[in-house]
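**Student:** Sharing a structure with you now.
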Amino acid sequence: MSEGNAAGEPSNPGGPRPLLSGGRGLIGRRPAPPLTPGRLPSIRSRDLTLGGVKKKTFTPNIISRKIKEEPKEEVTMKKEKRERDRDRQREGHGRGRGRPEVIQSHSIFEQGPAEMMKKKGNWDKTVDMSDMGPSHIINIKKEKRETDEETKQILRMLEKDDFIDDPGLKNDTRNMPVQLPLAHSGWLFKEESEEPEAKPFSAGPKEEDMEVDVPAVKVKEEPRDEEEEAKVKAPPRAARKTPGLPKDVSVAELLRELSLMKDEELLFLQLPDTLPGQPPTQDIKPVKTEVQGEDGQMVVIKQEKDREARLAENACTLADLTEGQVGKLLIRKSGKVQLLLGKVTLDVTMGTTCSFLQELVSVGLGDSRTGEMTVLGHVKHKLVCSPDFESLLDHKHR
């Protein structure tokens with residue numbers, strides 16, 4: 001078999017054909033590699049694209065099959081076992097081994113169903129406590145659910161107002177005002193037996209009785225014990241009693257009682273702000289004030305008081321009255337009490353009783369912020385004086 005040339009033509013039998021020179025090759029083509037004896041040249045030895053874009057080749061997309069991996073349970077079990085062995089070794093060495101760990105929960109249902117309690121014997125052994133005793137039972141209190149009728153009935157009872165809140169509410173004598181000293185308050189009384197003493201039986205004959213000879217009967221007295229004799233001879237003890245509530249007394253009755261009493265008593269008399277009488281004369285002087293004028297000079301201006309201010313200054317008060325007798329108290333047959341202040345009549349009535357202790361105190365002030373206080377006595381009753389408008393209107397019409 002004969003060798004072929006680069007064009008693939010058979011060689012002449014006469015002799016070897018000379019090779020083409022490099023000058024005759026096409027421009028842009030790479031020269032063919034020299035032939036090696038004993039080997040054919042490659043099919044893609046030359047560039048057939050002529051400098052263009054390479055042709056795309058189709059390659060099919062093969063979808064790879066996914067295999068689901070199963071969880072490896074054996075590996076996890078081995079890891080947990082190793083961790084347990086490691087924890088046991090740690091508990092066995094060092095200080096504080098076997099310390100109890102407390103886990104606190106917020107509610108009794110948070111931990112779930114309770115497990116069987118186990119007691120640790122040694123490091124590696126556990127003892128079941130099921131045979132030791134009964135398990136703990138949690139008693140849960142059942143809540144009672146109210147029906148709609150019960151709730152409506154409760155609301156009706158709350159809305160009712162036809163009952164008495166305090167049925168035993170009475171005036172308590174312990175809330176009475178305390179008066180000092182206690183010796184004068186009259187809280188100590190003597191208890192005397194109200195039972196009438198038994199009169200001695202007289203066996204003598206009466207005029208109405210029939211004349212019959214009755215033999216004299218003598219009663220033998222038995223000796224008494226010392227305790228019984230001491231009880232009979234003992235005087236009545238002074239018992240502590242609370243005084244009763246004060247009686248509602250009119251002004252006329254109060255004045256009669258005070259007139260018959262030997263001891264004097266103080267009364268609180270409330271008078272109006274303005275009293276009938278002549279106010280003291282006052283020198284009314286105009287008030288001078290300096291005002292700066294437009295020219296910058298100071299000008300003195302006299303200012304007089306308003307009419308209301310002058311009327312207020314002309315009013316008569318208790319401090320303006322002279323010492324001595326101020327008026328007269330009149331007690332009518334009907335029980336009405338009036339106070340005459342000049343030509344003005346004032347009605348006198350009882351004031352509201354106070355639940356606290358009142359005392360009249362005289363205060364004397366000194367020059368250097370010092371003074372003296374003197375208690376004059378207790379004030380028990382209060383009288384209120386109000387103007388009689390009917391008499392005032394009648395006097396005005398006249």
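In case you wondered, yes, glycine gets a Cβ from its N, Cα and C as well.
Straight out of Swiss-Prot:
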REGION    1-149  region 'Disordered'
MOD_RES   Ser2  N-acetylserine
MOD_RES   Ser42  phosphoserine
COMPBIAS  66-100  compositional bias 'Basic and acidic residues'
CROSSLNK  Lys68  SUMO2 cross-link
CROSSLNK  Lys78  SUMO2 cross-link
MOD_RES   Arg95  omega-N-methylarginine
MOD_RES   Arg97  omega-N-methylarginine
MOD_RES   Arg99  omega-N-methylarginine
COMPBIAS  116-128  compositional bias 'Basic and acidic residues'
COMPBIAS  140-149  compositional bias 'Basic and acidic residues'
CROSSLNK  Lys141  SUMO2 cross-link
CROSSLNK  Lys152  SUMO2 cross-link
CROSSLNK  Lys160  SUMO2 cross-link
CROSSLNK  Lys190  SUMO2 cross-link
REGION    191-244  region 'Disordered'
CROSSLNK  Lys199  SUMO2 cross-link
CROSSLNK  Lys206  SUMO2 cross-link
CROSSLNK  Lys220  SUMO2 cross-link
CROSSLNK  Lys285  SUMO2 cross-link
CROSSLNK  Lys302  SUMO2 cross-link
CROSSLNK  Lys396  SUMO2 cross-link
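Neighbours and distances for these, please.
**Tutor:** The Cβ of Lys68 (SUMO2 cross-link) lies under 8 Å from the Cβ of no residue that is in the same chain and 6 or more residues away along the sequence.
For Lys78 (SUMO2 cross-link), applying a Cβ distance below 8 Å and a minimum sequence separation of six or more within one chain yields no residues.
Long-range contacts of the compositional bias 'Basic and acidic residues' (140-149) within the same chain: none, as no residue at least 6 residues beyond the stretch ends has a Cβ under 8 Å from a Cβ of the stretch.
Here Lys141 (SUMO2 cross-link) comes close to no residue that lies at least six apart in sequence on the same chain with a C-beta under 8 angstroms from its C-beta.
All protein chains included, Lys152 (SUMO2 cross-link) registers 11 other Cβ atoms within 10 Å of its own Cβ.
When Cβ atoms from all protein chains are considered, those within 10 Å of Lys160 (SUMO2 cross-link) total 8, not counting its own. DSSP gives Lys160 (SUMO2 cross-link) a coil state; it is part of no helix or strand.
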**Student:** What same-chain residues, at least 6 away in sequence, bring their CB to under 8 Å of the CB of Lys396 (SUMO2 cross-link)?
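**Tutor:** Same-chain residues close to Lys396 (SUMO2 cross-link) (Cβ under 8 Å, separated by 6 or more): none.
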**Student:** Rounded to the nearest angstrom, how far is the Cα of Lys160 (SUMO2 cross-link) from the Cα of Lys152 (SUMO2 cross-link)?
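**Tutor:** Just about 12 Å between their Cα atoms.
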**Student:** Three-state secondary structure of Lys68 (SUMO2 cross-link) from DSSP?
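**Tutor:** Coil, per DSSP.
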**Student:** Under DSSP, the compositional bias 'Basic and acidic residues' (140-149) has how many residues in helix, strand and coil?
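**Tutor:** Tallying H, G and I as helix, E and B as strand, the rest coil: 2 helix, 0 strand, 8 coil.
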